[in-house]
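TrEMBL annotations:
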TRANSMEM  43-63  transmembrane segment
TRANSMEM  83-107  transmembrane segment
TRANSMEM  119-141  transmembrane segment
TRANSMEM  218-235  transmembrane segment
TRANSMEM  256-280  transmembrane segment
TRANSMEM  292-318  transmembrane segment
TRANSMEM  325-347  transmembrane segment
TRANSMEM  367-392  transmembrane segment
TRANSMEM  404-433  transmembrane segment
REGION    492-530  region 'Disordered'
Amino acid sequence: MAEKVDIEDMKAANGEPVANGLGSHKKTSHEPLAKRVQKIVRANLLVILTVAGVIVGVFIGLGVRNVGLTKTQEIYIGFPGEILIRLLKMIIIPLVVCSLISGAASIDPKALGKLGGWAMLFFLVTTLIASSIGVVLAFLIKPGAVDKPPKMDGLSDVVPPSKEVIDSFLDLIRNIFPSNLVSAAFQSYATSYKLINRNSTGGNFTVEKVPFGTDQDGMNILGLVVFAIVFGVALRKMGDEGEILIKFFNSFNEATMVLVGWIMWYAPFGIMFLVAGKIVEMDNVGKLFASLGKYIACCLIGHAIHGFLVLPGIYFLFTRKNPYTFLWGIFTALATAFGTSSSSATLPLMMKCVEEKNGVSKHISRFILPIGATVNMDGAALFQCVAAVFIAQLNDTSLNFIQVITILVTATASSVGAAGIPAGGVLTIAIILEALGLPTSDISLILAVDWLVDRTCTVLNVEGDAFGAGLLQFYVDRNAKHEGEVELSEVRMGSSAAVPEQSPLIDKRGLEDSSEGAKMVHSKDKESAM
């Protein structure tokens, strides 16, 4: 009894609720308001600093904008933000490769396939929904029903060369299997074309456009992801022989996450100057919004609907948990996505946020999030659909039902191959325009506002990745709970109901009962002897 009193006194002293509830009353009455506010601030300090960084960055950009800075001075203002992007990109390859290898090696291959299948289904469905929202909004708002805006100087050279749709998808498959893992860290395969003259039967020359492969700058993240998953499964198949390498990659992964934790505290400062530098760089904002205002509004409204209603709605529908609490937990990663405009660069911070704030296990977050950063592009798909309908309306081209379906399917498929880099989505619009027979040169019209639209695309992309990880965590927890309940019911049934004689369990249980009885007799004999 004395032990019980002591334990309850200790609980009450620590502010934990006890049987009569006095402990909880004691805590609320003695803890001052200032201390509670201090605890809340400490728990959410990084989020508060990130929000403050974004707000201060906007004010710095607006304040310095009218001073008349030179181009060199504008670059200097964005320098701290550039350092943040370089730090995040530095950590991407070791984080993606090690986390996927350790994740794939720690999960049973059957469970791995099931988890991967559910994740891909979620990403596919949400991308299709995002594409549909983009098409519907574009037809409702009609962003292209205006005079054709002038093309911005210096942007025509950024327009990607036209490429056949079949070659784009073949490039995607080729990049899944990189010929060189080292070069995949900074280069990817891309198809170019050369013109060849051929003699025809009548003596005339025909010109044929022949594709050939080139290496373009940019990480082949898709190839690295596929290799890391397959390598992790191979290590698990090796059994004890592969344990050393698995431990190595686990340790490497943990060390990488420690570095990510340090980088996170620099993020608010870097984001502040990223936002300030981008505002300073903007030219002719009024003119830009006057000519492309409806297009910008269409994209932003679509992103808001998908990010604040559709994704949270799906999460709530399956988990019955508050999705906006989940969003608050990943706010730092979302702000980083807005500042860096890169899903891949945001990946380290997103892993840290979902694990520490939202309770997603390491096995799930470090397996699903790198895949999501590669194949889940909700924001890009929505933006590409709006852009395709916008360019069609500018050129007075009416789209029939088949062409609308083509936009949806092509945007969903091409967004999978969109690199997780700034403006990656713009490069895939050319595939959709080629499929519709629209001029790819008009892409330069929307590049002028890509700095804004691409940032909201990235925020939506990483938000979808995080909700996918949260849903998979719920799925795993529910299955584990269900299996536990089944085992418990089996134990209860075994203790109360008679087991048939034909059951092979009867001998085992009989032996266990007899051994337990023998132990009890032996202990009683021992006690009587003493």
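Cβ atoms here come from the backbone N, Cα and C positions, even for glycine.
Outside the transmembrane segment (218-235) by six or more residues, the chain places 92-93, 96-98, 100-105, 109, 112, 172, 175-178, 181, 183-189, 242, 245-246, 249, 344, 370-371, 373-375, 417, 419-421 with a CB less than 8 A from a CB of the stretch.
By the Cβ criterion (distance under 8 Å, sequence gap of 6 or more), the transmembrane segment (43-63) is counted as touching the transmembrane segment (256-280), at least 3 such pairs being found. Counting Cβ pairs closer than 8 Å and at least 6 residues apart in sequence, the transmembrane segment (83-107) and the transmembrane segment (325-347) reach three or more and so form a contact. By number of Cβ pairs under 8 Å, the transmembrane segment (367-392) is matched best by 292-318 from the list 256-280, 292-318, 325-347.
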